[in-house]
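S.K.: This is the structure, below, for whatever I ask next.
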Amino acid sequence: MQTHGATEANNPELAQTLREFQKQRAQQMQQRNVATVPSVGLGGINGSKRADSGKTPSSTVPKSTMNAQNSQTPPTPLSADELRSLKYQILAFKLISRSLPVPPLLHQAMFNPNQIQGLSTQDIVGSIPSMTGNIIEASNNHHTQKAPSTASTSSADIGSTSNATVSNIPFNSYTNPHTYIKPVHSYSHESRQQRMLIPSIMLVGLDPVEIAAEIERDIWYKSQLKLRDLEREINILDQRIHELEHLNNTNNNEYESLKKEKKRTKIEYMSLKALSVQRKLRKERINVGKSTTLSTSTDRTAFKRMKRQSARDARMTDRLEKQQREERRRKQIQKDLHSIINHCNEMQKWHRTHQAKLTKFGRMVLNFHSQIKKEI
């Protein structure tokens, strides 16, 4: 701030920052003095014992007196290095509060001030706009510079640990995936363009479509090889049969066996020749079956022909509805009548059974009374 003309008189922020820093430095000096004075009074200098342990030395001062003296001491002025470090910290805080990246020079000036002694404050402050405007370009340049060295280092490590035969094999098309990993900076993830996708180190999985195509290709090659073998075998059998016919030996068993073998081989040969035609016909048949299937389960009304309504159809519909309504009413009445008749029959049957029981019981009572009278 002082390089831009700011002073304690015209810049309240700089004045407040300097006062806070001086107060903090005074407190640190006060704590350091309080910690060192009692150790000197008790044990002497450099760990040597006092000559007279029975007497209290005159240099011993109470803590309250020492704290009072330290609080009365004026604050010491900041050195040039401390002022420069404070300015760098304030500048970094302003950049971070505005969501701006901290340049590497400013970062190095705060944490490693000894390595940039040759640079001035104007150089460090002037690097901020270029750094915020060229983040992507600087990151890519850093990556291109780092990748060859990393690849050479990794190849050297592999060559030192492998055998002599393996080290002689050149690897021209191999790139180590770890070379894509760039060092992390505080400004690297500001934009989405810096988030590089690193390829997977694991092996790629098998493609089922490619496997099926490979199986079909293998079957086709085997069928072609079998066709050539069968064709060669048919030619050999033809030659042998012609020789036997030329010698008039058509009545022996060898001739018959050769004819049967030729017939069997020719049938197998023709079936293999018709393999492609059969596959094509099967595919066409499947496609025809799919195209002629009506989707009646999903939309049945789409396949119905709408009939034109007329007054006659309406009258016939009303008549049919009336007949069905009368039929339902008649059936309901018949059902009610049958239930009433069944209930009447059940009641009559129950009363007859009850009356028969009462009659039987009365007869038994009369017989009992007659027997008692006879005994008397």
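First residue shown is number 1, and so on along the chain.
Glycine residues also receive a Cβ, built from the backbone N, Cα and C atoms like all the rest.
As annotated in TrEMBL:
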type     : residues : note
COMPBIAS : 55-73    : compositional bias 'Polar residues'
COILED   : 227-275  : coiled coil
COMPBIAS : 310-331  : compositional bias 'Basic and acidic residues'
DOMAIN   : 320-376  : domain 'HSA'
S.K.: Tally of helix, strand and coil residues over the domain 'HSA' (320-376) according to DSSP?
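M.R.: The breakdown for the domain 'HSA' (320-376) reads 56 helix, 0 strand, 1 coil.
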S.K.: Taking every residue in the coiled coil (227-275), what is their average pLDDT?
M.R.: 88
